[in-house]
């Protein structure tokens, strides 16, 4: 799939419509390669190769990038593209990279002006807002960026940076023309309602935007359900409730239907709240919007209670989850110490990443053993989990175990039929490691060791997901929401708002969805946990050597160098 921007002179035929930027022209050459010729002022990006082309009379204003019907007399020609199955989804554009002296690399985010020329700008309404008029130098400088890593050596390159979030002096939307929508997707997480509230209030109070829609029920709500009108009165108290007032779902992503709905409704700002799968969907929506040449800003806010989204410091709801997890750990500790050979077992969230389990363990100080997906363990034999449990029971008379839901899945697969089913978001359906390991512990001590134990199993997963966010997360959600509003109003698109080294930034979708964040068990934080619990690492020398090759999640550069020196210019070639 080619990115193409051809000047008018490259067209294989001439027509009076060559001077009309609303028309695309096709050239099929002798090598059976298809390409488009468009006026140089129109800047169409990422036009895909197609299998058949037909010309006819009539108007196709959707293809031409207009959101409503056309009344122009000269709108006579329609180009119909029949894409092959292999080109069913828009091409993901190359990252927008800017390099500078000293190994400086800016991973920039797209802007509406990249593909729509001559966009008008407007003074930022905040300059007349009494709440901000007293703030000196409130507007973010155009060159402000935030480094991905702040711990460097004196001879280190400057490294990867991201564009700093915040209001700009000029905006690319007139407040009266903004028609925004908000959608929440995936599982529940503390803080969803706070983010919704602050996007609505930020648009209204800071920029005077009155038209905001809530999309009911996740991605499929764009084309299958009614919308909900949102204003400050509607969302005033929703931050005090858990869940999401908009409803949510997994899956349901149909790019064509979603963008058709956005275009038909006249929506020009789309705020998408969800995890890595949701952000992948947002990236595809952005690419389709750009392909159609629409003036629509697509912006994301990363949501995952597991804290497994890369680049950002943490995801909203994580602090609340850790705090609530401590309550379950405390209950397990009370149960365990109140009876002879008591074991309190708590299963916490963490499908692929054990951050909640690790931080809740460090915070509680009552945990004797923490098991996470990143750290393999074994049950029987010298140095195994059963041996450690027996040792702790003999020393203290009780113990508390915390296990993340994704830990030990390979052990379950060995003892029972492996499940390969996935949910609607594409996540592997995990087997319940909590119930499984509880039964294995009971069987081992009753049948092999003849040692009476009393095990209490606690699974607070859905209680944690459904509660309102705490004070820390409420503040964080406010910063995320206001930052994403500032970015969309400034014309940025195809980005996620996130915290990097304590600063709000705009991160391109490709960096958010390229991988998942994991606990690095050869890093200092895991060492602190092992010191707190006094548990064995359950790792062999070979395991340590292999894990030592992993890089911590917040490196200066992902591959240790300055990356490809790709320069961004105003001209795009084949």
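Note: Cβ is positioned from N, Cα and C throughout, glycine not excepted.
Residues or ranges marked as domain 'Phosphofructokinase' in TrEMBL: 181-486. Residues or ranges marked as ATP binding site in TrEMBL: 187, 250, 251, 275, 276, 277, 278. The Mg(2+) binding site feature in TrEMBL is assigned to 276. The site 'Important for substrate specificity' annotation in TrEMBL covers 277. For 304, 305, 306, 349, 350, 351, 405, 462, 463, 464, 465, the entry in TrEMBL reads substrate binding site. The annotation active site, proton acceptor is assigned in TrEMBL to 306.
The Cβ of residue 463 (substrate binding site) has 324, 328 as same-chain neighbours under 8 Å, each 6 or more residues away in sequence. Sparsest Cβ environment among the binding-site residues 187, 251, 275, 277, 350 (other Cβ atoms counted within 10 Å): 251.
Considering only the residues assigned to substrate binding, 304, 305, 306, 349, 350, 351, 405, 462, 463, 464, 465, the longest pairwise Cα distance works out to 17 Å. Residues near residue 465 (substrate binding site) in space but far in sequence (CB under 8 A, at least 6 apart, same chain), listed by position: 187, 188, 189, 190, 242, 305, 321, 349.
Residue 304 (substrate binding site) sits 13 Å from residue 250 (ATP binding site), taking the C-alpha atoms as the reference points. A C-beta separation below 8 Å, combined with a sequence spacing of at least six in one chain, links residue 306 (substrate binding site) to 315, 349, 350, 351, 352, 353, 355, 356. Of all Cβ atoms in the shown protein chains, 20 besides its own fall within 10 Å of the Cβ of residue 250 (ATP binding site). A Cα-Cα distance of 19 Å separates residue 250 (ATP binding site) from residue 405 (substrate binding site).
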